[in-house]
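Going by TrEMBL, these are the annotated features:
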- 14, 21, 129, 177: heme b binding site (BINDING)
Ligand code: HEM
């Protein structure tokens, strides 16, 4: 891990999470999704788990909006909870909320978000970066694959991957990386945040593994 050679914090974070990112990408459930072997029930279950951790993360965003450092990272156009509710209603039906439950790994992820994202700016940004930059990157690839293999559209379950307020993801991501580079964190704090982001990746991977055991 060449994190000492990194130039700015954005680059450091990307390099520090590179291995964890690859582990997340290589999970069975993502492999099945990419190859068209994941049934729509598997995708629905995955999205249902997303609902619980985005609920926690977006509650934290409401608190962190007022924080002098973390507040700059809160962007309303990233908010995913309404899209998740729409997709789950389309995939499950109007009573979707009573029919979904969080798995063990999801509960662990939500607990960690509650532990570090409500009163530690760096902790919030670590989790925020891990999810939203991922949704704007690999998430866009997943959207194409889900459309191809399951025939889903924005109306029938893919609105989670669409950001109508962000017409150019690369432009948004470049701005986000500048925010990371400009944040007033010293080297020790940057390392703490990178470690928290690695943990966020691992918590995501654990959810994928749980789903893999059910659907792959
Ligand atoms: C389905 C598997 C995945 C694929 C194919 C994938 C693919 C990618 C690609 C191609 C990029 C680079 C985009 C760019 O530089 O503009 C990227 C970035 C990223 N991905 Fe993923 N990804 C996957 C899963 C995940 C997961 C599960 C997470 C986290 C939960 C995640 C989080 C991130 C983050 C935070 C970045 C931004 C890295 C940075 O530029 O600092 N990805 N992903």
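For all residues, glycine too, the Cβ spot is worked out from N, Cα and C.
Counting Cβ atoms from all protein chains shown, residue 129 (heme b binding site) has 24 others lying within 10 Å of its own Cβ. Cβ contacts within 10 Å of residue 14 (heme b binding site), excluding its own Cβ and spanning all protein chains shown: 19. A C-beta separation below 8 Å, combined with a sequence spacing of at least six in one chain, links residue 21 (heme b binding site) to 201.
Those residues noted as binding heme b (14, 21, 129, 177) have their most widely separated CA atoms at a distance of 17 Å. Of the chain residues outside the heme b site list 14, 21, 129, 177, 10, 13, 17, 130, 133, 180, 197 have their Cβ within 8 Å of the site's Cβ mean position. When other Cβ atoms within 10 Å of the Cβ of residue 177 (heme b binding site) are tallied across all protein chains shown, the result is 18. DSSP assigns residue 129 (heme b binding site) to a helix. A helical conformation is recorded for residue 21 (heme b binding site) in the three-state DSSP classification.
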